[in-house]
Amino acid sequence: MNQKGTVRLKALVLICLPLFLIATPVPVAVTEDDRQDRIESEAAEKEWANTLVSKVAQSNGTGTIKVSAPAKPTLRRMDNEEDEVISIECVYYDEMECEKSGDCEITKKTCYSEAHLKAVGCLAVFGLPTQEINSTEPYLKVDKPQYKSLGCMPYQHADSMNCENESSCRQGRSFRGGIGMCCCSTNNCNMPDLIEMVNPSLKKDSDNSALLWASTPSNMDLESLDKFPFYWIIIIALSVILCIALLILAYVGWKFQQNKKEEIKKQQKIKFDMEKTDALEAGNVPLVEPEEEMIEMVETPKELPITDFQLISKGRFGKVFKAQYTPDSGEKRLVAVKKLNEFQKASFLAEKRIFDELNEYPKWYKSIVEFVCAEKIGDEYWIVTEFHERLSLYELLKNNVISITSANRIIMSMIDGLQFLHDDRPYFFGHPKKPIIHRDIKSKNILVKSDMTTCIADFGLARIYSYDIEQSDLLGQVGTKRYMSPEMLEGATEFTPTAFKAMDVYSMGLVMWEVISRTKLHQTDEPPNYQMPFQVIGFDPTIGLMRNYVVSKKERPQWRDEIIKHEYMSLLKKVTEEMWDPEACARITAGCAFARVWNHIMSSPDSSEGYHSGSSMKNRGVDDVEQSEKPEGIEEMQHYHASSPSKRQHPSPNPFFDSCPPPPPIPVILENGGILQPDNAEPEPEELPDLPIVEKIYDIATNMLFSREELDLMNAQRQVEYEAGADTRASTPTPSGTFGTFTT
């Protein structure tokens, strides 16, 4: 053990030893108050039982037995939340009700403990036979004609009421008038086949001797009471000590992990400095060191060198501004500032965590929006990234049609960004990284640069996947409803990195459909107006509607005939369909999708033209592309990602040389900062916030899953129906958990 481990062990011993001495229990005797409480409790429960028997055993002139209904305990909840309510299901029968109304059916009822009688058991009162029975068995079954009353009774201690039996209701007491009584403590233990009486032949004086219950407990009961608290104090004290020890161990482990992370960061810093020195000596471009100090969030208000704010968009949780950023170097640049309110703090922290992770790598990947800083300014949370004048892919496609060459560059660059996020070792990065799950891929979260390449943005719902840490928050049903994968809509996601990545791939397939649908294939082609995926079912569909359409009916966005017949675009259509396959395990990965798109786009000899026809394409079959799982000739792409943005262009065909060049940027900004929308603009779909996982509880009565709120409401309704006499579950077992408190 090293020196640090020894210090930690000594500290743990010094902390635990005083706690152990303080919490060690000392034997204590029962106080007079405890003794008096025990006496009063037993007296109350025995008085209740004697009252019940006195009502049952009343002799008339003929010597027969007249039966009255037993005093059933009131079914109610305890007002004090600290009092535990115990419930039990017992068989119910009343001879008087049978004689009066003719309802002689044996039913079942649920009873609850109440007041100071903390427990409740099942009860049977029956008549003892007057004739001698020729049997040597100590206990005999009680026949139905002997039943006087079946139900339940509250009690304080099972031993004083002879309720220790669990499997059957066996006679423990007899009373004057030839009446026997038994008590048991499990559900339905007083069923007809389980009621037993003492053989009167073996105890002839049972009818003449009254075994009445005492009004005070015996000396043995008081002695057992003296010992009872001592054992419980030991158990409770040891439990407290164990909990404290576990908390201390957890804290020590957490501190150890923090120290370990700091040591790893120091080693990475030393390694980075060595790599930077080697790069300078070799004459290469020096590596960029992550600016960790600049992006640390502070709780105190501070100012950023950002001016000239111009509103771009706003929503329920924040606003996005175009602004001018002037760092210490004095070189001004346009940035996008996303200002979030307090309700979106979790989204801010999640996005900042992703950018912190990406900022630790030696270089920034060009298919991810470039990060500037993240700060808390006043009561707002700011995320500052690079600004792109073409705004989002959604804005571009909604207002313009594009050429095939523009579509090629858009599709290639956005899938390039997704494969970078997902893969441990991306194609053109050269460094290992942790997988990142975006969880909200859509056309609004993909920005279009001036050269028609794209970058992925908005990481408020993204998570870093760690193979050695369980992350239950990845199972939440989050994202934009119309872009949710079938398994997300169905709530049947596997807890594997492949399954989480497949959800992003599905969403990216829908974005590819949006791009291809707005692509002009030839001079006379007229693409239809922009439509969001699944717009046929409404602008703001519910989760249930999406589940029925996508999961049950397996519907997908429809292709227009021109796309299906077009030889070049039909292969991109096939890749898209493989990305939105209903089965998550059958979808291709983002890396595979990029390889197929790259090989298809870069293999066309006439890809630099504005439009493609079947005759101008290289005759390349789909099967040939499917066999190429890795991009071919990717040296240009590697150089592109290794260079600065201004030194090398994207290796895909340049859309600005097309006969149908890209549309100009969107400069339509009003004086108040809002984007000018056309008159027939569609309403924006709502996004689902990152909600916590809803606990689902199984209800046996309905064989369905419900939330705790739904189940509490259902439980209250059942209780009202029961108290009103509307219970119709006669002769059938009441499902466990139907009454009382539901637990998971």
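Note: Cβ is positioned from N, Cα and C throughout, glycine not excepted.
Swiss-Prot has this to say about the protein:
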TOPO_DOM  48-253  topological domain 'Extracellular'
TOPO_DOM  275-744  topological domain 'Cytoplasmic'
DOMAIN    306-603  domain 'Protein kinase'
BINDING   I312, S313, K314, G315, R316, F317, G318, K319, V320, K338  ATP binding site
REGION    605-686  region 'Disordered'
COMPBIAS  620-639  compositional bias 'Basic and acidic residues'
REGION    724-744  region 'Disordered'
COMPBIAS  731-744  compositional bias 'Low complexity'
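A sphere of 10 angstroms centred on the C-beta of I312 (ATP binding site) encloses 22 other C-beta atoms. Under DSSP, I312 (ATP binding site) is assigned to a strand (E or B) in the three-state scheme.
When secondary structure is read from DSSP and collapsed to three states, G318 (ATP binding site) falls in the strand class. Of all the Cβ atoms in the protein chains shown, 20 others lie within 10 Å of the Cβ of V320 (ATP binding site). Across the topological domain 'Cytoplasmic' (275-744), the prediction's mean pLDDT works out to 77.
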